[in-house]
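Features of the protein shown, as given by Swiss-Prot:
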type	residues	note
ACT_SITE	D7	active site
ACT_SITE	E66	active site
ACT_SITE	D138	active site
BINDING	D7, D138	Mg(2+) 1 binding site
BINDING	E66	Mg(2+) 2 binding site
Amino acid sequence: MKILGIDPGLRTTGFGVIEKHGNKLTYIASGTIKTPDADLPQRLKTILSSVSEVIATYHPDCAAIEKVFVNVNPQSTLLLGQARGAAICALVHADLLVAEYTALQVKQAVVGQGKAQKAQVQDMVQRLLKLSGLPGTDAADALGVAICHAHSGEALSVLGALAPELARKGLRVRGGRLVG
């Protein structure tokens, strides 16, 4: 399964493509999409068209994107949300299933703790994917999102398969969590 991870940003959007075979993760590609110093619609157009180009080049089977966090500055949060929306539009236009993860979930999946620093994420992404060099922060975050999905997708499919049995015991799966 080929997974495209996206770390959205209005100025710089990171992308990372990995392939999962069983428990093995293989690096395919990563990079950044830099938007021009232009008005908002032009920046969103660049994100939409560039993510579409990445999809056309690498043909992922599914995609994962980082959720927006609420920033101290509400305007920044809104702008980030619009950049994220442009990326999601490109993904769904290509008929990809899109999973969403918080930064906390990504850091836990990659580093093992939710309060990890960016440098720790970069280091672990390099180690997990056996990269020769340290990836840039935006590309590392995007690869981290893809790694998170590679691990989470397996767990969710196992829970989904167990859903009928869990229901008989008065339990159910909600948002990827087991609840009573």
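A Cβ is built for glycine as well, from the same backbone N, Cα and C atoms used for every other residue.
Sequence-distant neighbours of D7 (active site) (same chain, six or more apart, CB under 8 Å from its CB) are T13, G14, F15, G16, I65, E66, D138, A139, D141, A142, G144, V145, listed in sequence order. In this structure, E66 (active site) is part of a beta strand by DSSP.
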